[in-house]
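Contents: one structure, followed by commentary.
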Amino acid sequence: MEPGPSVSPGPSRSFKEELLCAVCYDPFRDAVTLRCGHNFCRRCVSGCWEVQTTPSCPVCKERAVPGELRTNHTLNNLVETLLREEAEGARWTGRRSPRPCRAHRAPLTLFCVEDKELLCCACQADARHQEHRVQPIKDTAQDFRAKCKNMEHVLREKAKSFWALRRTYEAIAKHNEVQTTWLEGRIRDEFDKLRDFLRVEEQATVDAMKEESRKKHLLAEEKMKQLAEQTEALAREIERLQMEMKEDDMTFLMKHKSRKRRLFCTVEPAPLQPGLLMDACKYLESLQYRVWKKMLGSVESVPFSLDPNTAAGWLKVADDLTSVINHGYRVQVENPERFSSAPCLLGSQVFSKGSHSWEVDVGGLPSWRVGVVRVQAHAQAQAQADVGGEGHSHSCYHDTRSGFWYLCRTQGVDGDHCMTSDTATAPLVQAMPRRLRVELECEEGELSFYDSERHCHLYTFHAHFGEVRPYFYLGASRGDGPPEPLRICHLRVSIKEELDI
């Protein structure tokens, strides 16, 4: 028998691993070199960069520039040579050398799908694999490679989701930086207003005290001047009297009648005038309380604020957080609390106990909702809206059955109607309310709506509400004019003074 051609020993394992891409772990295909010196398949490194915001090396993470990829001809030639040797019978396949079956020393040509084991023909006859599905290695490898390809696609999509989420967190961080600066300015402005008010009140109180001191000082000086003049007049009279007493008896007695009349008309000393001391009580008595009461007259208070973190992209909340307009959709920082499928937002407070009331000025808005939403229902509605995508209707999931209780203005073929979130309820009134009063009795399970201008009851819901937050919907304005706002009305603050017993 004629000997076959001699086969040179294959390359070492470490050398073969140097020719594997660090991304796909296959021999290089169109090898390229990055600026950092690492090598990859061109397709692999490009695929990694598709899901990165900033291209970087998959191994060392050094920043990379896609335009600076250099084709590595040496690596490509080495891989081509070794693959050609494989085709000619070389032992290297790019992964591991074929191994025979340990039990039968026969070539492994089959694969048990149930046990996930490589088999030879003798293993197939074993009782352990009699009822199992067995396929040729080549066919199984092809099927598994297809599954891995699908898995690779799933992983790439997951990586894209991770990078998108990372970009969202980056946007949130930047938003918070801007918001922190803005909030610091607003907080300082509000405290400056309080300090200005206190400075004005302090100066007014000090000025009033000094004015009283000036007047009382002038009065005391005037009294002292009068007393000085009267004292001087008495001194002259005393001197005259002394001179008359030195006269001879006849002359002295002749002047006695006029002297007596003159002495009788001298001024008597007036009693000390009351109220000349500074009135400390007038200025110090409950000073802080009196200033605080006066401050209440200039301070505006609302039962709650409009939460901008829940406002959908259509809405813009005013800086004082008491009014909102619909200015058309604009991209906002994503967060789980924000409405995504409708121009809605929530109030800042959570109500679960006690009695609460507030008034809302809806004016002539063509489309609105005012009411409450169960906290858990809001979270569930947001999750369902996210699953449904942007194509959802503005009214999706926002009804009484899903934990939303409200009055709304809707547009119909025969005009506008005032409706409730209960679809089984008929239209309430013909005259559209412009200012609504909402009264929530948590323990009683009642949510009532009133027309504040007409002083009439509109509707009452009866339910176990649980934890709720004020809920609002604001449709787009009609016409080309500036958008009309929805406002939370200010409270009328009163003070009740009681004796602490």
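Cβ from N, Cα, C; glycine included.
The Zn(2+) binding site annotation in Swiss-Prot covers C101, H104, C123, H129, and the record cites sequence analysis as its basis. In the three-state DSSP scheme, H129 (Zn(2+) binding site) falls into the helix class.
Look at Swiss-Prot and you will find 209-252 tagged as coiled coil. Averaged across the coiled coil (209-252), pLDDT in this predicted model comes to 91.
The domain 'B30.2/SPRY' annotation in Swiss-Prot covers 284-495.
What Swiss-Prot lists as N-acetylmethionine is M1.
For 21-61 (among others), the entry in Swiss-Prot reads zinc finger, with the evidence type sequence analysis.
According to Swiss-Prot, the feature zinc finger maps to 96-137 (among others), an assignment based on sequence analysis.
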Taking a Cβ cut-off under 8 Å, which residues six or more beyond the ends of the zinc finger (21-61) line up next to it in the same chain?
68-72, 75-76, 79, 82-83, 94, 156, 159-160, 162-163, 166-167
Out of H104, H129, which has the highest number of nearby Cβ atoms, where nearby means within 10 Å of its Cβ, if these are the binding-site residues?
H129
Please report the number of other Cβ atoms within 10 Å of the Cβ of C123 (Zn(2+) binding site).
21
Under 8 Å by Cβ from C101 (Zn(2+) binding site), same chain, sequence gap 6 or more:
P107, L108, L118, L119, C120, A122, C123
